[in-house]
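Annotation comment: Swiss-Prot describes 1-141 as domain 'Globin', evidence class sequence analysis. Summarising the annotation, Swiss-Prot assigns phosphoserine to SER3, SER35, SER49, SER102, SER138 (among others) and lists similarity to another entry as the type of evidence. Among the features that Swiss-Prot reports, N6-succinyllysine is placed at LYS7, LYS16, LYS40 (among others), with the record citing similarity to another entry. What Swiss-Prot lists as N6-acetyllysine is LYS16, and the listing cites similarity to another entry. As annotated by Swiss-Prot, phosphotyrosine applies to TYR24. Among the features that Swiss-Prot reports, O2 binding site is placed at HIS58, with the record citing sequence analysis. Positions annotated as heme b binding site by Swiss-Prot, on the basis of sequence analysis: HIS87. Under the heading phosphothreonine, Swiss-Prot lists THR108, THR134 (among others).
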Amino acid sequence: VLSSADKNNVKACWGKIGSHAGEYGAEALERTFCSFPTTKTYFPHFDLSHGSAQVQTHGQKVADALTKAVAHINNLPNALSDLSDLHAYKLRVDPVNFKFLSHCLLVTLACHHPEEFTPAVHASLDKFFSAVSTVLTSKYR
């Protein structure tokens with residue numbers, strides 16, 4: 001459960017990301033594909049090379065979804081319902097992949113914002129990404 005401090009930390013951190021959200025989303029995807037090669041199986045039609053336009057575009061989609069989640073942090077299930085349906089019923093993504101991407105998002109954000117990435121912010125973002133992952137996998141049951 002996200003506390004008020006967690007929500008404030010997430011909103012403050014995401015606010016500092018600003019226009020770099022898509023770039024960081026793509027970087028996190030690249031990290032995920034490199035660190036967890038089985039995740040590539042969901043993107044057989046993508047050019048997964050460094051800096052590819054397809055990875056950049058999908059990274060922006062990830063960032064947009066997270067930006068929406070931050071904006072609706074008090075009602076994640078409603079805000080992410082369509083995305084949950086897509087991943088559960090159409091794409092059938094293995095739920096563990098959300099944990100992999102979450103980890104890579106944390107690494108990416110820590111690399112780009114080391115001063116702001118305090119232990120408290122790290123914990124808050126980890127809880128937030130976990131909450132988002134839980135919502136995205138909630139319709140698998």
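Every residue gets a Cβ built from N, Cα and C, even glycine.
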(request) Would you mind reading off the Cα separation of THR134 (phosphothreonine) from SER102 (phosphoserine), to the nearest angstrom? (result) 11
(message) Cβ atoms within 10 Å, counted per site: which of SER3, SER35, SER102, THR134, SER138 has the most, among these modified residues?
(response) SER102
(request) With SER49 (phosphoserine) as the reference Cα, tell me which of the recorded positions TYR24, LYS40, HIS58, THR108 is the closest one. (result) LYS40
(request) Measure from the CA atom of TYR24 (phosphotyrosine) to the CA atom of HIS58 (O2 binding site) and give the result in Å, rounded to a whole number. (result) 11
(request) Do me a favour and check the Cα-Cα span between SER102 (phosphoserine) and LYS40 (N6-succinyllysine); whole Å is fine. (result) 16
(message) Which one is it: of the recorded positions LYS40, HIS58, HIS87, which Cβ has the fewest other Cβ atoms within 10 Å in this structure?
(response) LYS40
